[in-house]
Structure formats: C-alpha cells, structure tokens
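For reference, the structure is listed below as structure tokens.
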Amino acid sequence: MEPPDAPAGARRAPRLLLLALLLAAHPGAQAEVHLSVPPLVEVMRGELVTLDCTPLGAHDHYVLEWFITDRSGARRRLASAELQGSELQGTVHDTRGRSPPYQLDSQGRLVLAEAQVGDERDYVCVVRAGAAGTAEATARLSVFAKPEATEVSPNRGTVSVMEDSAQQIATCNSRNGNPAPQITWYKDGQRLEVPMEVNSEGYMTSRTVRETSGLLSLSSTLYLRLHKADRDASFHCAAHYRLPSGQHGRLESPPFRLTLHYPTEHVQFWVGSPSTTAGWVLEGDSVQLLCRGDGSPSPEYMFFRLQDNQEEVLNINLEGNLTLVGVHRGQSGTYGCKVEDYDAAEDAQLSQTLELHVAYLDPLELSAREELSLPLKSSTAVNCSVRGLPSPSLRWTKDSVPLGNGPTLSLSSVTFDSAGTYTCEAFMPTVSLSRTQSFKLLVQGSPELRAEETEPEAESSWREGDEATLVCSARGYPEPKLTWSQPGSSSAEPVPGRQGWVSSSLTLKVTSALSQDGVSCEASNPHGSTRHVFHFGTVAPQIPQAGVAVMAVAVSVGLLLLVVAAFYCMRRKGRPGCCRRGEKGAPPPGEPELSHSGSERPEQTGLLMGGASGGTRGGSGGFGDEC
C-alpha cells in the first residue's frame, strides 16, 4: 500500500498493473508494459539497499530510467539502461554527491550501499518499450536508526511543595534516531498522563532537532506540582522508537529522586540506646537521645532539660542526636526536643518531652558479719538493707535453696543442719539489675557421732581371725577430733555430700579378747565429747588347718575306691556270685611269688584282664570270682 503523500504516478502504478492484467485476459487486447516495483522499502541505517524494477512479459527492446524526487516534487534522473539484444547496458548519470555513489546492476536495479537518512526519498522507475508503451512505478525508501541510550537530567536543586504552580522536574533526551522517537514520563512505575499545554498541576514540553548527520534528537521537559507524599517517589523517562516491519523499541533512563522542601508537621523524641523499659536506664550508661522532625531539609534541633519549669539548653544541632555520657542518678528528670522550622504551620506541634529515669542499686548491708557463730539450739535474726531506684525486692537463699522474701531472716533453734552460707539478693526486674551479700553460719556444740561396722560373713557370727572394718562419722563446731581405742585407724576426712561431717575408719582382726572388751571410737571438741563402743558378741574358735586337710584326703580316697568298685562290677555283669570275694588258694607248684616291686599282684592282674579271659582262668588258683 502506498503512503498517503505518495505522488500520483506512484498511486496509479498498481491500478495500471491491474488494468493490464485484465486486458491481457480479454481476446484481442493489445500488449502493454507492466512493472514489478515494491512500493515501500524499509531498511536500517547502514544496510545495503536494492530497488528492483522488472518489466513483465517479453520485450525485444526497452529503455529503463531511474529518477529521484526532490522534496519539492521535481524529478532528477539518476541512471538509465537500454536493452540491446539480450544484454542491458546501464549508465549512472548523477551521483548527487552521494558516497558511496549510486550503482546500477546488470538487471537494471538501483543499488544504494550503506543506506543513509538522506536516502529517504521516492525513487521512480520509467520503462519505455516503443509500441508497447511506457510504464512507471514509484518505490519509497524509509531508513530507520535506533537512537542512543536515553539520558535524563533531573532537577538537582530543592523543589518546594509550597509553590502553587508546576515546577521543572527533569529533562529527558533521546539522540540520533530516525524517525524521531517519542518520550513518556513515569512516576513509581506508572505512566504520567500530562498534557502539552501549560497548567498549574503539570505539563511537558518537547523539542526536536535534526543533527548534521540527518538523524533526529528529541528532548522533553517535565513540569509538575509536587506534594509531601512525593518525597520518596521514583521518576524516570523512556524513549519509544520505530523499526522496520512495524516493530518498536524502548529505551528507559535510569530512575532518579528529587529533593523536596516541605515543612515540619510532627516531631518524635525517644531514647535511642540503650534499649530501655518505661524510660529506665542504668547508672553509668551512655544514653543517646534521638529527635526527628518530618520536615525537609532537616531542621535545626534544640535539646533542653526542664529544671523548675525552666528550659536548660543542652545542645543545638542539625543531626537530632544528643548523647549523655555516664549518666548518674542526679540526671533523672524531664528532657525535651524542639524543632526550629519557620515554614511550619502555626498549629504544628514542634516540641516533645520524655521522662528519663536513672536506675541505681547500692551495695547491700547485713546486720551479721561474714561469719556468724551461734550455739546449738539458739535463735537470732539477720537484717538486710539496700538503697536503690526503682525500689528493689529482697529474697533469701541458703546454699542456693530459696528460703523466703523480705529484709529479715529469722533463725530459730539452730541445729548443725542450719549451718551453711546464707545469701540476701536485691533485684529489680524492670531493669534487670541485682546485687547479693552473703554470710556463713557456724553452729557450735558438742559433737554428734554416727557409727558403721561390717557384718560377719558366716551365719551372722564372728570367728576368730575374721577381718572387720569399723567407721565413725562425727560433726560439730569446732570440728571434732576422732580417736580409737585400737591402733591402725585412718585420719579423719570430710564426708562427700554431707556438709560438716568428718569420718575415720579402722580395720582389724577379730579376737576373743576384742569380743570381751569391744572397740571404742570417740569424737570430741571444746564443747564436749561422745563415745561409741563396737561389740562382736560370741566369737567362734577357728578350725585347725591340718585336721581339715586330713579329712579332705580321706574323703577323696573313699570316693575313688567306690568309683573303681562300681566300674569292675559293671564289667562282670551277669556272672553268679559277682562281687563276692572267693577263697584264696595256694599258687601252683613251680610258680614263684611275685615281689611287690617287680610285678603286679594277682588281684591287680585279674582286674586288668577282665572280660572273657578272666573267666577261663577260674581254676588256676588265686581269686575265684573277683570283683
């Protein structure tokens, strides 16, 4: 399809082509010249361009010419070619100063190397074929160029929200493109619909410049009336450009923010560090007070302390920070911050105060010394006092076991079990502050004794020579001394897991004499002594070792003889009179008696023979039926 502003000849070319086709189909129609020329050619800048002009049908002779149309509509001939036989002879007549120059190829096509923006024209192809007539067609060339990266120049000054008219926000530039791009503006990612007409809320202006290269540069300036809500807004612009075949591109600028001027409406004042509960800080800490107004640019801050309803100025700065180094209890009180902003509204609250409480806890004081010594079964009370703010709570523990709360610890009828370490703790849950103070209770009294002894091994009775281990444990204050009536005892040592107890042991041989007298263990200290006597009861005499050995041998031999007799009887099973001893006859004549040392006795020989062989020798003398 031809562009709307194409010349009349270009618009008529498709119509002529259609008419020629209709006439050719009608019988008796005369031949005419028809051309195949693309009406629109789109290329990127720097690409090779080839404009085709091909006559349709068979022609023996024709002349082809290329013309360029000026912006005024006048035609200038660039090249021509004539068909001579089967060859087309072409000539370039006018290069119009183009570099590289126009070229004509062997088929009569116009060649433009490295397309330039200045090549955007209408190119007319005219073919004269004698009697066949003349035909022409127009090809429009469009050259596209992608613009450079989009640049934005934001307003580096301070934009006041108190102005009643739109103020300059930024200028966006898109350079060296073709055709000229379009520029749009965005705030927080949303496109701004601003008109080109000047108004108080917002508008934009644009300006297009043709560079010496023929490329186009576009600049757009945005004007807006801003508000305090725009203090964190992000702006950017984008250049939209066209490409061949109906494609489009987009180049976005980097985002930017503006510095706005707006008055203070609210002030915040708080303790920045350390983290506190209900305004409490610890004595000795460094405390940072922070003050922030919501105006811009940052206003001036004045810190003060109220003393007898008078403002004592502490510091003035632009940062809104005040540090109190190593606060002490005398610095508790009311502190304030005031913002100096002359653009603020008259009803704006520009001053804030807070209460600063310095928590402290002095060392605890006990009515008892580090060691408290009491007689056994006596009573007393120990008081714990402390000064602090906020008011601390008191609690008592003994060896880490809770006893109760309050400033007074009552000790009634103390025993040895009452001895130990008592601790008074003052604590403040609000500020996590605590202190402790301890004393050690010593209970004086006559020793308490406990005895342990080993049990006898045989039938709960002792025998002469048995070994026994006796143990004595005692407690008291001062620490008792343990003594034994027999030598060989161990030295007294503390008992593990039993506070205040000491123990000593004695290992000895049980004798009848010890059974009568017993063994005594005594615990003593300056307050008295106590004694325990170990008794062994009746001590049985010890069995002699020699008699025991003889009895054991006799029993063993008897058992052995019984086993041998039973074995022999089994071998002679089934014979009458087995196991009955026969009469002993005289040895046969001529056989000498065997000596005890030289050979076996006949009884032994019979035992060894056994079985059937023993039965065949029944009448030979000796034993008849041996068992």
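Even glycines carry a Cβ here, placed using N, Cα and C.
Going by TrEMBL, these are the annotated features:
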- 608-627: compositional bias 'Gly residues' (COMPBIAS)
- 14-142: domain 'Ig-like' (DOMAIN)
- 147-239: domain 'Ig-like' (DOMAIN)
- 274-355: domain 'Ig-like' (DOMAIN)
- 363-434: domain 'Ig-like' (DOMAIN)
- 447-525: domain 'Ig-like' (DOMAIN)
- 578-627: region 'Disordered' (REGION)
- 1-31: signal peptide (SIGNAL)
- 548-570: transmembrane segment (TRANSMEM)
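Regional average pLDDT for the domain 'Ig-like' (363-434) in the model is 92. For the domain 'Ig-like' (14-142), the number of residues in each DSSP class (helix H, G, I; strand E, B; coil) is 18 helix, 58 strand, 53 coil.
According to DSSP, the secondary structure content of the domain 'Ig-like' (447-525) in residues is 6 helix, 45 strand, 28 coil. For the domain 'Ig-like' (363-434), the DSSP-based tally of helix, strand and coil residues reads 3 helix, 41 strand, 28 coil. For the domain 'Ig-like' (147-239), the number of residues in each DSSP class (helix H, G, I; strand E, B; coil) is 5 helix, 50 strand, 38 coil.
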